[in-house]
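Below is one structure; the comments refer to it alone.
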Amino acid sequence: MGMGLRNGFLLILSCVVTLSLSVWGRPATFLEDFRITWSDSHIRQIDGGRAIQLVLDQNSGCGFASKRQYLFGRVSMKIKLIPGDSAGTVTAFYMNSDTDAVRDELDFEFLGNRTGQPYTVQTNIYAHGKGDREQRVNLWFDPAADFHTYSIMWNHHQIVFYIDEVPIRVYKNNEARNIPYPKLQPMGVYSTLWEADDWATRGGLEKIDWTKAPFLAYYKDFDIEGCPVPGPVNCATNSRNWWEGTAYQALNAMEAKRYRWVRMNHVIYDYCTDKSRYPVTPPECMSII
């Protein structure tokens, strides 16, 4: 994941995740559809497996992933982020093909802040092994005061990152212009909570205040609607899947208006305009929504 997601895990951090997973309309408990990726001693189930608690301490981090992968669809969850001084922490929700050189990945990374500073969300997209497509948005609300819905919509036409149904990022399928687009590799769904104070807050200038630990974040209403892999052979190519419908092939007028508002008022970094990294504007940045 972008900008150091796989660094060390050194803070005390716990969260509660309430799962209401829906694949083909079927509710699930945690162990039915997810697996612990590390430190099972730091994850405990709550409410009969419909919720889990994650603990991240100075000895180990923790996280989980879906047992199955999915090819196209929508993934969403409600998250209440760490309140107060959360500098140096990262809460991540992402999809990943679990491949190396040619991996595909769609990232939400919530970057902690000092009290009184805006929370920043970073998105990144890897397609056919090429990443470094970071964008950062300062949120226009306090994400620690209440739950908000974070979603990734992925179909043959576009990838859209949403917050409370407000699009904050769009990546169009421009394969006709030889621009990579993830469409061949299924991806799993992951969530991790960890310490990254060497880069997460103001480029690493703000370090974790350990006196504020433990840090708490909460997730609930985790939903996946998509084509599971392995699963029905023709699911991913079925144009009758609701997420492939005309209404989801481009932003509608209201979504486009909201997207322009976000771009004008809340984007604080966009790789597309970073001439120090990209003297020549990347071709995908030239696409028109």
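Numbers here mean position along the shown chain, with the first residue as 1.
Cβ from N, Cα, C; glycine included.
For Glu105 (active site, nucleophile), the count of additional Cβ atoms within 10 Å of its Cβ stands at 23 [all protein chains shown]. According to TrEMBL, the feature active site, nucleophile maps to Glu105.
Here TrEMBL flags Glu109 as active site, proton donor.
Here TrEMBL flags 21-219 as domain 'GH16'.
Listed in sequence order, Asp85, Ser86, Ala87, Tyr119, Thr120, Thr201, Glu206 are the same-chain residues at least 6 apart in sequence whose CB falls under 8 Å from the CB of Asn113 (N-linked glycosylation site). Under the heading N-linked glycosylation site, TrEMBL lists Asn113.
Annotation source TrEMBL lists signal peptide at 1-25.
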